[in-house]
Amino acid sequence: MQITVMKGKIHRATVTDADLNYEGSLTVDMDLVDAAGMRVYEKVSVVNVNNGARFETYIIEGKRGSGEICLNGAAARLGMKGDKIIIITYAQVEEQELASDYTPKVVHVDEKNRKR
């Protein structure tokens, strides 16, 4: 049987911008994307710690080392600059293949979205 498990997480990133007029998605600094084992265009769940909003979108490439976390398109209505968010990816795995020591990649960031 397949189960869905958390694959990666960027924990308590700070939203640096929100662009309602962009076509959609979530712009994320590529250093954070790589550290969390995520990919550009991968589906993500986003949880806004400040207002409780939860939504799904996909990642687009942000400049490396910029700390950029930008809510684009309709997602811009679900958060604002300065909000803390959690970005989560998932994977489908065969339950019997899931190692007992499985650990997802979790990236903790500081107030400027630099990996701690």
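The chain as shown is numbered from 1 upward.
Note: Cβ is positioned from N, Cα and C throughout, glycine not excepted.
According to Swiss-Prot, Gly73, Ala74, Ala75 bind substrate; the candidate from Thr57, Thr89 that the record adds to this site is Thr57. The secondary structure of Gly73 (substrate binding site), as reduced to three states from DSSP, is helical.
For the recorded substrate site, residues Thr57, Gly73, Ala74, Ala75 set the reference point as the centre of their Cβ atoms, and the other residues of that chain within 8 Å of it by Cβ are Gly24, Ser25, Leu26, Phe55, Leu71, Asn72, Ala76, Arg77, Leu78. Cα of Tyr58 (active site, proton donor) to Cα of Ser25 (pyruvic acid (Ser)): a distance of 5 Å.
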